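Structure first, commentary second.
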Amino acid sequence: MIGTGLFLSSGYTIHQAGPAGTIFAYLLGAGIVYLVMLCLGELSVAMPVTGAFHTYAKTYIGPATGFTVAWLYWLTWAVALGSEFTAAGLFMQRWFPHTSVWMWSAVFALLIFLLNAFSVKFFAESEFWFSSIKVLAILLFILLGGAAMFGIVPMKSGEAAPMLSNFTDSGSLFPNGFFPILMTMLSVNFAFSGTELIGIAAGESADPEKTVPRAIKTTVWRLALFFIGTIFVLSGMISIKEAGVIESPFVTVFDRVGVPYAADLMNFVILTALLSAANSGLYASSRMLWSLSKEGELHPAFARLTSRGIPFNALIFSMIGGILSLLSSVVAADTVYLVLVSVSGFAVVAVWMSIAASQFLFRRRFLTEGHQLSDLKYRTPGYPAVPIAAFLLCLASCIGIAFDPNQAIALYCGIAFMAVCYSAYYLKNRKSRARVQAVKSQ
């Protein structure tokens, strides 16, 4: 899902890790996603099921973990809503500097809610156009920004093209050392969130043993090229002192390019990209609640559909994440945004860890039951090194934010959320067992 993780968080990463550190962080992030996708490929081909992540965890790790993973994936998308709406409010301040971020966040939250509540057809059609604009924006940025970086397109102020000065100047490559790379990995991984859905879709296709490896290769490498190409241009055009999360680094770059209205056009395009990500996030989080309700893990009210086939109750509950963006009315908007990104990033990385652990345990059980490795239509290469590496790298990403005072709260909130999920599961099951025993004793 290409959203604020690239369009806004990349500025924070450049500020913390420097140009070379940022490129390395996104390369490492792409590598982590690739390892997770390799693990997911084997699982999705062997068991192509809807709601796959928590189903795999439930089957191979334990039912409580499966329940927790389902809620973590809901948290990923629900909290991402808040980050998208907060970012949208920040971007609107370019044109309306005297308005409040929270006001715009509320307007966009209402818009996306109505879009999802009206019809699934509207979701699909709007998402097609949103996604198309997003891809075109990235391509335009790489081409125009790269041309300005090397002097092909003039700079607005008449200054010399930066060329590779941000990479070659003394102390600019890793200005704060290597440790900040670890601290920013969670926000980098957040930028790649949503990629795991490709593996599930491929596993449910008619010919999964062919579509899964193709989907893994094309998706990961396409994302890597998009992200690395973009980050290279951003790092070349913006110094670490200019980078941050108050304004999109994309807009900052186009402000310096001698093309009239380029920055405003990019600001508008990024705004549509954020709405695209929010659109997908609300759809995914509401359907996760609907799925849990259908499985009997949640109150039946969440499974009720409107005449248009919309799980309205699940939709309303999932808007909790979007409402978090209104915290920007009492806390600095950039702080709210960074915390929400970190919470969402923690949740999705925890889900990735469950995928790696599930694949590790699945393969071991599969062979223990007497099956042959050749019986698998798709096999994760490099087992057990690949799932172990994926798990440990994801774990390191989570631990890294403990050393960043701006993001550390996300780690504590994430752990607390998981503890609540496990406790709720065991409490629910204990009550269910007590009712069953009471019926039997009658």
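Cβ atoms here come from the backbone N, Cα and C positions, even for glycine.
Note: TrEMBL annotation is automatic and uncurated.
TrEMBL has this to say about the protein:
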type	residues	note
DOMAIN	1-436	domain 'Amino acid permease/ SLC12A'
TRANSMEM	20-40	transmembrane segment
TRANSMEM	60-81	transmembrane segment
TRANSMEM	101-123	transmembrane segment
TRANSMEM	135-153	transmembrane segment
TRANSMEM	173-192	transmembrane segment
TRANSMEM	220-240	transmembrane segment
TRANSMEM	265-284	transmembrane segment
TRANSMEM	312-331	transmembrane segment
TRANSMEM	337-362	transmembrane segment
TRANSMEM	383-403	transmembrane segment
TRANSMEM	409-427	transmembrane segment
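When Cβ-Cβ distances below 8 Å are used as the criterion, the transmembrane segment (312-331) is approached by residues 74-75, 77-86, 89, 100-102, 105-106, 109, 112-113, 116-117, 278, 281-282, 285-287, 289-290, 293, 301-306, 337, 340 of the same chain, each at least six residues removed from its ends. A contact between the transmembrane segment (60-81) and the transmembrane segment (383-403) is absent, since fewer than 3 of their C-beta pairs, 6 or more residues apart, lie under 8 Å. Fewer than three CB pairs closer than 8 A are found between the transmembrane segment (409-427) and the transmembrane segment (20-40), and contact between the two stretches is not assigned (pairs 6 or more residues apart). Annotation: stretch 20-40 has the most Cβ pairs under 8 Å to the transmembrane segment (220-240), among 20-40, 265-284, 337-362. Summed and averaged per residue, pLDDT over the domain 'Amino acid permease/ SLC12A' (1-436) gives 85.
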